[in-house]
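Peer 1: Sharing a structure here in structure tokens format.
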Amino acid sequence: MADPWQECMDYAVTLAGQAGEVVREALKNEMNIMVKSSPADLVTATDQKVEKMLITSIKEKYPSHSFIGEESVAAGEKSILTDNPTWIIDPIDGTTNFVHGFPFVAVSIGFVVNKKMEFGIVYSCLEDKMYTGRKGKGAFCNGQKLQVSHQEDITKSLLVTELGSSRTPETVRIILSNIERLLCLPIHGIRGVGTAALNMCLVAAGAADAYYEMGIHCWDVAGAGIIVTEAGGVLLDVTGGPFDLMSRRVIASSNKTLAERIAKEIQIIPLQRDDED
């Protein structure tokens, strides 16, 4: 049987490339920066422009499909995931990087049907790296097949995480205490490039062994999640249970052994789900 979603994926790859052009062009100009949920949660006119471009283009071609977009949700739309084919879009993952010219900025497009990830695209605009993953077909970066590492020993692992955009002292305390606990196991190190999507792609590429974070949103992980699993990795909840796209937390790991060990070590931050009011 023909793959019903391949055409959607091909179209999304083209759109992600076009969105990357807009992002690169915008970096040459003065930008208008706005603040969302905290002084460190930033949005620019380019985020809004790219999301509008992506959703408008996809809606024209696939009018019956649903959408969850970071900037649409910020403007008051709900992020409710149904069984309908749904595009989950982060127009610029790494807005703070974008604002500062720090060179890790991604366009992320995830496509979910019956609440299951079908394909994901993460385009690293300044590196010109197009990461793609399609259910059952593998994960690639610029056409090269991706494969996770085989590192199961946490003491020999390189992890990726972020400090997040919350500036609430208690949340910051938990984030830093989790990092301290992991570093002192010890492990080889902790890195972070400032975007959830690219951190996950680094796990898919075998450059890092696992990524964990709490406080992310569905649009941060919907594109990269399937890239990780198609590269041979696993997605788990930070409790060690099954991954839930709307839960705002994830461990993306090269293997389950490492993911479960991370889950055992970290303290959980209480968060409101993406699909709660």
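Here the Cβ of each residue, glycine as well, is placed from N, Cα and C on the backbone.
From a predicted model like this one, the values you see are computed outputs, not experimental measurements.
Pulled the feature table from Swiss-Prot, pasting it below:
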type	residues	note
BINDING	Glu70, Asp90, Ile92	Mg(2+) 1 binding site
BINDING	Glu70, Ile92, Asp93, Gly94, Thr95, Gly194, Thr195, Ala196, Glu213, Asp220	substrate binding site
BINDING	Asp90, Asp93, Asp220	Mg(2+) 2 binding site
MOD_RES	Thr168	phosphothreonine
Peer 1: Give the number of CB atoms, excluding that of Thr95 (substrate binding site) itself, located within 10 Å of its CB.
Peer 2: 24
Peer 1: How many neighbouring Cβ atoms, not counting its own, are there within 10 Å of the Cβ of Asp220 (Mg(2+) 2 binding site)?
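Peer 2: Taking every protein chain into account, the count is 27.
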Peer 1: Can you check which residues sit near Ile92 (Mg(2+) 1 binding site), meaning Cβ under 8 Å from its Cβ, same chain, 6 or more apart in sequence, and list them in order?
Peer 2: Val23, Thr44, Thr46, Asp47, Val50, Phe98, Val105, Ala106, Val107
Peer 1: Looking at the recorded positions Thr168, Thr195, which sits with the largest number of other Cβ atoms within 10 Å of its Cβ?
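Peer 2: Neighbour-count leader: Thr195.
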Peer 1: Would you mind pulling the DSSP three-state label for Ile92 (Mg(2+) 1 binding site)?
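Peer 2: DSSP call for Ile92 (Mg(2+) 1 binding site): strand.
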Peer 1: Taking only C-alpha atoms and a 10 A limit, tell me which of Thr168, Thr195, Glu213 are near Glu70 (Mg(2+) 1 binding site). These are the recorded positions.
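Peer 2: Cα within 10 Å of Glu70 (Mg(2+) 1 binding site): none.
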Peer 1: Cβ within 8 Å of the Mg(2+) 2 site centroid (Asp90, Asp93, Asp220 excluded): which residues?
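Peer 2: What remains near the Cβ centre is Glu70, Ile92, Gly94, Ala106, Ser108, Thr195, Ala196, Ala197, Ile216, His217, Trp219, Val221, Gly223.
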Peer 1: Which of the listed binding-site residues (Asp90, Glu213) has the least company, meaning the fewest other Cβ atoms within 10 Å of its Cβ?
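Peer 2: Lowest Cβ count within 10 Å among the binding-site residues (Asp90, Glu213) is Glu213.
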